[in-house]
Amino acid sequence: MPDLPAQLYFAYGSNLWLQQMASRCPESYYVGRAVLMDHRWQINSRGFANVIPCSGYNVHGLVYQVSVDDEARLDRNEGVHSGAYTKSYHSVVLHEAVEDLQLPTRYLVQDGGLDKAVNAVRSGSRSHNPEEQGRIRSNVLVYLSSRHSQWGTARDEYIDRMNCGIRDAVTLGIPSDFFENTCLSAPRLNLGTECKHFPKGFKTVFTINLLDVGVAMKLSGVRLTVFTSAHWNM
């Protein structure tokens with residue numbers, strides 16, 4: 001990563017999807033995965049992911065290093081000036097990726113994509129663990145929406161982007177249990193199509209669990225919860 005002063009940014013919603021992050025913030029670098037303590041993930045009344053203070057809950061996400069220009073782009077995308085989100089700075093438990101994965105985000109989504117990059121690192125690693133032990137990092141940028149903190153229903157187009165983000169997040173080491181446990185019960189299901197942005201040949205298998213009204217996706221043998229237009233994350 002460059003040595004120039006830059007801001008660390010914690011993504012917990014659709015910016016988990018590296019392709020979107022590379023498009024929105026072309027100068028960004030992937031740093032690692034992290035945990036924001038004492039906050040709870042939600043889909044708010046606007047239909048997007050949000051995190052709210054809540055003792056005993058943790059939110060998993062990805063951390064990027066962003067330039068001044070990238071941060072300005074994030075501000076626009078997150079609707080800071082309109083009050084949709086506000087900028088907040090928190091401490092997170094950061095698990096830095098190994099150096100070979102701390103690359104410009106745009107590099108991780110080209111020439112075979114994220115799976116190829118992660119597999120290449122693992123094949124050359126004795127530990128097969130492409131990250132360092134967690135350590136506290138302070139002053140990490142998190143976008144919060146205190147104005148719109150009521151629980152809501154996810155927008156259909158947002159579900160699609162989140163599915164892509166979940167896939168990338170799990171590939172990069174975020175526990176699939178986090179996504180399973182974050183999915184809340186809903187009065188009804190709206191089973192949209194699979195993420196249209198998945199690579200060709202990528203298959204998803206949707207099942208309905210009538211007990212917790214969940215939607216599950218089997219990805220390469222890993223069972224993930226995919227949020228429907230019930231309750232969801234930014």
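Placement of Cβ uses the backbone N, Cα and C atoms for every residue, glycine included.
Taken from TrEMBL, the feature domain 'Gamma-glutamylcyclotransferase AIG2-like' covers 9-94. The substrate binding site annotation in TrEMBL covers Y9, F10, A11, Y12, G13, S14. Positions annotated as active site, proton acceptor by TrEMBL: E78.
All protein chains shown were included, and the count of other CB atoms within 10 Å of the CB of Y12 (substrate binding site) stands at 24.
Remark: of the binding-site residues Y9, F10, the most isolated position is Y9 (fewest other Cβ atoms within 10 Å of its Cβ).
The two recorded residues Y9 (substrate binding site) and E78 (active site, proton acceptor) have their Cα atoms spaced 13 Å from each other.
When the alpha carbons of G13 (substrate binding site) and E78 (active site, proton acceptor) are compared, the span between them is 11 angstrom. Counting in whole angstrom, F10 (substrate binding site) lies 13 from the residue listed as 'active site, proton acceptor' by their C-alpha atoms.
Remark: secondary structure over the domain 'Gamma-glutamylcyclotransferase AIG2-like' (9-94) totals 21 helix, 46 strand, 19 coil, with classes taken from DSSP.
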